[in-house]
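Enquirer: The domain 'Phosphatase 2A Regulatory Subunit A helical' annotation in TrEMBL covers 361-512. The repeat 'HEAT' annotation in TrEMBL covers 206-244, 245-283, 284-322, 323-361, 362-399, 401-439.
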Amino acid sequence: MSDSSLYPIHLLMDELKSEDVVLRLSSIRRLSTIALALGPQRTRDELIPFLQDQLDDEDEVLLVLAEELGGFAEYVGGKEHAWCILGPLENLAAVEETLVRDKAAESISKITVLLSAPVLDQHFLPLLRRLCQGDWFTSRTSACALFAAPYPTAAPETQTEMRRMFATLVSDDTPMVRRAAAKALGPFAKAAAKVNGQHNILISEIIPLYRKLAADDQDSVRLLTIPDLIALAQNLSAAETKDHLLEPLRVSVSDKSWRVRYMVANEFVALAEAVGDGIVREELVGAFAGLLKDNEAEVRTAGAGQIPGFAKLVDREVILARFLPCITDLSTDSSQHVRAALATQISGLAPLLGTDATVQHLLPMFLALLKDDFSEVRLNLISKLEQVNNVIGIDRLSQALLPAIMELAEDKQWRVRQAIIEYIPLLATQLGVQFFDDKLGTLCMSWLGDTVFSIREAATINLKRLTDVFGVDWARTTIIPKVLAMGEHPNYLFRMTTIFAITTMATSLNVQIIRDTVLDAALQLASDPIPNIRFNVAKCLETLAGVLAGSPEGQEIVGRKVVPALKKLQEDTDADVRYFATKAFERTTGDDFQRGEPMVLS
């Protein structure tokens with residue numbers, strides 16, 4: 001064996017013994033390269049055993065190792081040899097750090113999918129037994145996640161033993177293991193449902209495990225059984241669901257722990273879709289109304305997030321009679337988080353109720369929420385108004401909307417002002433050009449003079465998006481004159497904003513508008529006394545030239561106006577101006593010059 005063939009493994013050994021964690025991480029991330037250099041045979045014979053002995057390391061190194069090994073099958077010779085990776089992964093699945101164990105379990109699942117039934121019997125099943133019987137809860141916890149992936153491929157006798165082992169984990173003395181079992185039961189049930197002839201096993205073996213976990217004395221276990229209930233219901237008929245799952249469902253909905261009720265509320269739409277129309281009508285309508293009135297704000301918040309999704313599954317009369325009183329109470333809830341969640345979802349009811357009911361019942365709630373003291377409530381409502389607009393029309397909506405927008409636009413917190421700016425293009429699309437010009441145009445221009453840079457930057461991006469919505473002709477007559485007028489302002493920040501706005505809007509404009517308006521304004525600012533403005537003019541000219549280069553007329557303008565201006569800026573007294581001008585000149589006159597993109601300027 002030559003010295004060169006030993007080099008990769010020796011290098012890895014040296015780096016993994018280094019005291020520098022960054023170097024050890026780097027070497028683990030290069031494992032695939034080292035495996036390629038060694039070849040499949042030596043990777044199996046040398047690299048894998050070496051890695052199995054190198055598990056006494058920092059958690060972050062072990063985490064990367066667990067992740068790398070999950071995709072290692074091709075480097076050890078493909079599916080028939082993939083089992084040899086299970087050794088180091090088994091050790092990783094038993095370490096103390098949860099993230100490492102979870103990643104190791106995920107990687108073992110990836111490997112087991114590749115294995116045939118005989119190989120699973122020979123190599124995976126003994127591993128699973130060892131983990132399930134481990135003295136420490138860590139290995140038993142990891143074992144719970146390993147059943148679903150290989151189950152459909154395993155031989156019938158192996159499947160029987162796997163179900164027996166899983167049942168043992170469900171009854172484990174340690175709550176952490178039972179939590180892991182509850183988390184894994186849903187995927188395991190789906191895997192069992194895929195196997196022909198095992199439908200009865202779902203009812204006779206899997207459902208009793210679910211019921212045991214759903215009645216656990218630890219609420220941290222019970223709350224994890226809600227996704228299991230959904231997975232089981234999806235694979236049972238309506239009659240079977242009613243016979244076997246209805247009682248535990250009732251218990252979960254009224255559980256004494258708010259965390260379990262929160263989980264039910266958070267998954268309510270998926271739960272309703274899984275159990276079928278009969279149980280929805282008979283049981284879940286009342287249960288949902290109860291969750292919306294729950295004593296705990298977190299449960300009400302989760303329930304509010306499910307309102308439109310669940311409302312689609314019931315009749316309009318049920319929404320009006322059973323849900324609207326609860327929703328009215330939520331709109332004045334003492335918790336701002338409940339009101340914020342409701343504001344995000346309430347507009348989804350408008351298409352379900354129709355015009356008259358929306359005006360009669362929802363519009364008063366909109367008005368109340370638009371005047372809410374908590375800015376997030378107002379923002380959430382404004383961001384979802386399109387559905388309401390489609391149902392009741394702009395006239396009714398705008399009377400309520402405008403005061404709220406004005407108030408948010410002048411909020412003392414700049415992040416609130418920034419958030420409303422980002423919603424303006426959406427509102428413009430929903431409300432139309434006439435409403436925008438009459439009510440919001442002046443407001444959008446005022447943001448360009450805000451004292452906070454992030455607001456000014458967001459305002460320039462806003463103008464580009466509005467140009468995309470309303471078209472370049474609108475921009476030419478409505479906003480470009482106002483932007484260019486700021487270029488003559490005595491305060492240099494206003495002049496800088498003009499350059500930023502031109503640069504950002506450039507790709508939404510056409511050659512005629514650039515030629516007739518913005519180019520001359522940019523060239524005029526090229527002689528500004530402030531160097532920051534001059535070098536941003538250089539950046540701006542580069543972007544404008546990129547747009548102009550798309551047509552013969554534009555190329556002529558670049559040669560006649562842009563290139564001479566950049567040459568002049570290359571001779572500027574300021575080093576930064578010369579640097580950006582030279583860079584822009586090279587890109588503008590180079591052979592590889594392409595259409596410009598808007599820049600984020602600083």
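Note: Cβ is positioned from N, Cα and C throughout, glycine not excepted.
Bear in mind that TrEMBL entries carry predicted annotations, made automatically and left uncurated.
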Enquirer: Report, as numbers and ranges, which residues of the same chain sit near the repeat 'HEAT' (245-283): CB under 8 Å and 6 or more residues beyond its ends.
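Expert: Sequence-remote neighbours of the repeat 'HEAT' (245-283) are 207, 210-211, 214-215, 219-220, 222-227, 229-230, 232-234, 236, 238, 290-291, 294-296, 298-300, 302-303, 305-306, 309-310, 313-314.
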Enquirer: Could you tell me the mean pLDDT over the repeat 'HEAT' (401-439), as a whole number?
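Expert: Result for the repeat 'HEAT' (401-439): average pLDDT 76.
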Enquirer: Could you count the residues of the repeat 'HEAT' (323-361) that DSSP puts in helix, in strand and in coil?
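Expert: Split by secondary structure, the repeat 'HEAT' (323-361) comes out as 34 helix, 0 strand, 5 coil.
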Enquirer: Residue counts in helix (H, G, I), strand (E, B) and coil for the repeat 'HEAT' (284-322), per DSSP?
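Expert: Across the repeat 'HEAT' (284-322), DSSP assigns the residues as follows: 29 helix, 0 strand, 10 coil.
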Enquirer: Within the repeat 'HEAT' (245-283), how many residues are helix, strand or coil going by DSSP?
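Expert: In the repeat 'HEAT' (245-283), the DSSP-based counts are 32 helix, 0 strand, 7 coil.
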